[in-house]
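What TrEMBL annotates here:
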type	residues	note
DOMAIN	7-733	domain 'Myosin motor'
BINDING	GLY101, GLU102, SER103, GLY104, ALA105, GLY106, LYS107, THR108	ATP binding site
REGION	560-580	region 'Disordered'
REGION	614-636	region 'Actin-binding'
Amino acid sequence: MAVPEKSYGDDMAVIGDLTEDSLPHELKRRYERNIIYTYLGDILVAVNPNTMLPIYGGEVGIVYSEAKNLKDLSPHIYAIAGKAYRNLIWGRVNQAILVSGESGAGKTESTKMTIAQLARMSKSQEPTKLAEQIVEINPILEAFGNAKTTMNDNSSRFGKLIEVMFNKQGKIIGAKVTEHMLEKSRVVHCGNGERSFHIFYYMFAGLSQYEIEHFYLSRPEHYRITDPRHGAPVFTSQMDYEANKGGFEELKEAMNDTGFPSQIVNIIFAIMAGILHLSNIEFAPDPELQQLIIVNEDEVDYGSRLLSLQADDLVTVLIASSSFVRGERIVRLKSMHEACDGRDALCKALYSRLFTWIVKRINQVIHVQDDQDRYIDAGIISLLDMAGFERFQVNSFEQLCINSANEQLQSFFNTYIFSWELQEYQAEGIKQPKIKFTNNNEILGLFFDRPIGLFAILEDECRLQMSTDGTFVDHMNKEFGKNDVYKRCKSRDPVFTIEHYAGQVTYNAIGFIEKNRETLGTNFISLMQNSHNWLINELFDDRPDSNTRNIDKRNSQWTVPEWNQPNMPALGPGETLSKRAGKKIKQRTNIDRPLPAIPNSSSTSTSVHFRNSLASLMENLKASEPQFVRCIRANAEKQYGFFDVKLVHNQLLNTGVFETTRIRKLGYPTRMHMQDFINRYKVVGFPVTESVEINPANCDRILQKAQLYDYQIGKSKVFLKYWHVDQLNMCLEKFISDLRLIQTTIQMYLARRKFLDMMQYITYCKDQVFSLGNIVAKTGDQLFHIMVSTNDLDKHHYRKKLEEQELRRRSTRQSQYVRRGLPRRMDDDIYDAPDYEYYNSRSGYGASRRQLYQIAQV
C-alpha cells in the first residue's frame, strides 16, 4: 500500500482553503504522486488512474475495516464503504452509496471494490460463501450488461442497484440486484468504434471449436452484431483476443459459483447464438411474387434450431403480421421496413428478457427471502452504478435516456446536499450559509413534464402511424422554442441541443421513433411461447405470477443439438421457405374463424419503461441516507499518468463539486434528532444509570464533555461537522473499551474466586482421603496383630486337641491289645497329622502366616 503524504485531517484542511482554480491543480499534484482519492467534506472524489495501483486488496481492506477513526487514514473508497457500514450498524439507518461521474471515470471498478470491502467487513459466515457470491456476480452482470464505447472499454449500459442486506450483528444475510434501463438497442445498433455487449465477443474467443460448431457459428466478422465493418477484424490484437477469452472463463466460473447448472449455461449460450443468427437474416423484395423473401434462409434454420422453433412458423412471423379487427383475423405481408424492424425487435426482446431473467436467477442465490425474521432485522446498504453522462460526436436516443437519468441523479444530489440542508437550517433556526447553487429543475421539467415534455411528446408521436423523426423535432421546436435549456438547430436534419448540467449536447433524432416503439407484436410473443425450450417459454410468459422459483425441477424438452447440417424442409424446385409462406398467406382468406387474441405485453414504449424504472430507482434512494462518490476522468485518451486540468475542471464544475465544497465547509453535514443523539452518546457526558432528559442543555453537556466546538443545536436536532461524529465515536469507543475492561475484570475476579473455592474443596477432599488412608493403615496393623494372636491361640487349642485325641487313640488301642492279649506296637506312635501351617480348623483350608499378613494389609 502506498503511504499517503497527508492524513484525513490534513487533507480536509488543505481542501478547505482551495478555490475553483486551485482545486484541479491540487488534484493534479496528488495524481502525479498516485494519490487518486480526495475528500470534499464527506464526499469522495476519485480520479481514474486508468491502471491498477497497489492500494487495494485484502491487507489494505483489513486496515480500513479495523480502523477506529477513519481520519487517521488516507482517503479511500474503502473508507466510504466503512463509513456506510458503521452508520448502518450504529444508527440503524439504511445507507446508499451513489457512484457517479462521466463515462470512463471508473464507476464500475469503484462499485466492485466497495462490495468487496463490505463483504470483508461483515466477515459473514452464514450462509456459506454468501459474501463471496455477492462479489462474484460482477463478472456475470458485466458480461451481459457492459459494452465498449468510445469513452470507456467497460461501460455499464444499464443502471445497477445492488442492495446488500445485513442483520443486527453486522453479518451479510443476502443481497438483491435491480437492473434499470438496459440499453437494449445496442444489441443490433452500435456506433462507430463501439461494440455490442461483451458476451458476444466472449463466446467467439472462449468457445471451443466443438462448441462453435455446436451452435452453428462461424467467424465473428460474419455477423451483423459483432462485425466492425469496413473490413476491420473483430479482435484488434492478440491481447484483445486473450482478454475476451479470459472474460469468458471468468464468466463461466462465476456462473458455476452462483448456481447456474451447466445445462442452463448451454441454453443461455444457445439463445445468444440464436440472436446472432436472427440478426443476420436479410430481406429482399421479389417483384414477381410481390412479397418479401429471405435471402439467407440458412440463418433461419440455425436460429430456429437453437431457439427450438419451427422454421416455417419463424419465417411466417418475420414476413407477415396478423391482427384481429371486429373478431376477424386479418393477415397481411410486411414491408421491408416492418420486417427489419420486427427482426430487430425480436433480437432486442430476447436479449433484454434473458438479461432480466439472469438477474432474477442471481437474486435467488444471494437474496434471503424465505427467512422472514432475519430479513425484517436486516439493514440495507445500496450501491448504485449507472452509465455516466455521455457526449459523443453523434448522440442518439440512448444518450438522451442516459443523460436524462444523470440529470435526475444530479437533482437528487442537489436536493440532498443543498436544498434539504438549507430548508432544515431554516426550520431548526440555524444560521444559513450564504451559498448560491444552480439546480436543474428546468431541464427535468423539459424531459419529464406531462402532458408537455420531451418524453411525453415522443410517446404521442409513436402512437401516430404517420409520425417521423422530423415531425417529432418540429413538435419540440414548437413547444420548447422559448425554453432556455432547449436550443433549436438551423440544420435541415432532425437535430436539437439541450443545455445539460454537464454542458451542451446536440442530439440527432434519426431513429428516435423506431427505437422508442416496442414493435414486438403478438405474433412474435405467441411464437416464443410455443417454443420447445422451457426457458424461452418463461421469458415470454408475462403473467404476474410467472417466476423462476422451480426452474431446476422442470423437465427440459430442449437439448443442445448435435452438430450437423440442418435438415431443410422438403421444397420444390426454386421454392424457399419464405416463398412458400407468402404463397400460403395470400391464399388464406381474411374471414378465418376468429382466434382468441393474445394480450400485447409490449404495448408501452421504451420511454415509458424508462420513466417507470427511473422513478422506482429514485424512491429506493430517497429511503436511504446517501454517501456520494464522484468519479473523475483524468483525460479523454484513457492514458495512465496524463492529467488534463481543463477536462477535470469542467467535470468538477458541471457536477456541482465546487458548490459542495463551499456548503460542506460552512455547513453541518451531520444532523441528528436530540433523542437519537442522547440515546446514543449520553454515556459520554452522564453516568450509565442516570436518566437523561431530552433537551438542548443535555446535548450541549455531552458535546462539551467530548471537547467539541463549532456545532449548532436547533429546535429538535443537533448539527455537527463531518469530524464531530468521528470524535464522538472515539469517545463512545473508549467508553465501550473501558466497560469491556470492567466486565473482563469482574469476570476474571469471579472466575478466580470460583477457582480458589474449587481448589479449597479439592484440598479438603485430599485431606479426607489421606486421613482415611492413615486410619486404614492403623486398622491394618491392629488387624494383623489380632490375627497373629488369634493364630497363636488357635495353634495352642489345636495342639491341645491333638494331644487329647492322641491320648484317647493310644488308650483305645492299648486297651484293645490288652483285651486281645497282643503285645504293644511301636509304630502306632507315628501319626501322620497335617501341620497347622497348612490346615485351619475353622475353614478346612490351609493358610500361611505371610498370606495372613497380606490379607491384613488389604
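Glycine too: its Cβ is placed from the backbone N, Cα and C atoms.
Feature map: TrEMBL annotations on the structure.
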residue: GLU102; record: ATP binding site; Cβ contacts under 8 Å, 6 or more apart: MET151, GLY388, PHE389, GLU390, ALA502, CYS631, ILE632, ARG633, GLN651
residue: SER103; record: ATP binding site; Cβ contacts under 8 Å, 6 or more apart: THR149, MET151, ASN152, SER155, ALA387, GLY388, PHE389, GLU390
residue: GLY104; record: ATP binding site; Cβ contacts under 8 Å, 6 or more apart: ASN48, THR149, MET151, ASN152, SER155, GLY388, ARG633, LYS638
residue: ALA105; record: ATP binding site; Cβ contacts under 8 Å, 6 or more apart: ALA46, ASN48, GLY388, CYS631, ILE632, ARG633, GLN651
residue: GLY106; record: ATP binding site; Cβ contacts under 8 Å, 6 or more apart: ALA46, ASN48, CYS631
residue: LYS107; record: ATP binding site; Cβ contacts under 8 Å, 6 or more apart: VAL99, SER100, GLY101, SER156, ASP385, MET386, GLY388, CYS631
residue: THR108; record: ATP binding site; Cβ contacts under 8 Å, 6 or more apart: GLU142, ASN146, ASN154, SER155, SER156, ASP385
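The ATP site, placed at the center of the C-beta atoms of GLY101, GLU102, SER103, GLY104, ALA105, GLY106, LYS107, THR108, has further neighbours from the same chain whose C-beta lies within 8 angstroms: ASN48, ASN152, SER155, GLY388, CYS631, ARG633. With a threshold of 8 Å between CB atoms, the same-chain residues lying at least 6 positions outside the region 'Actin-binding' (614-636) that come near it are 27, 31, 40, 42-50, 77, 80, 83-84, 87, 91, 93-102, 104-107, 110, 151, 159, 161, 163, 178, 180-181, 380, 382, 384, 388, 405, 408, 412-413, 416-417, 642-644, 647-648, 651-652, 655, 657.
Counting residue by residue with DSSP, the region 'Actin-binding' (614-636) contains 9 helix, 9 strand, 5 coil. Around the Cβ of GLY101 (ATP binding site), 24 further Cβ atoms fall within 10 Å across all displayed protein chains. On the 0 to 100 pLDDT scale, the region 'Actin-binding' (614-636) averages 87 in this prediction.
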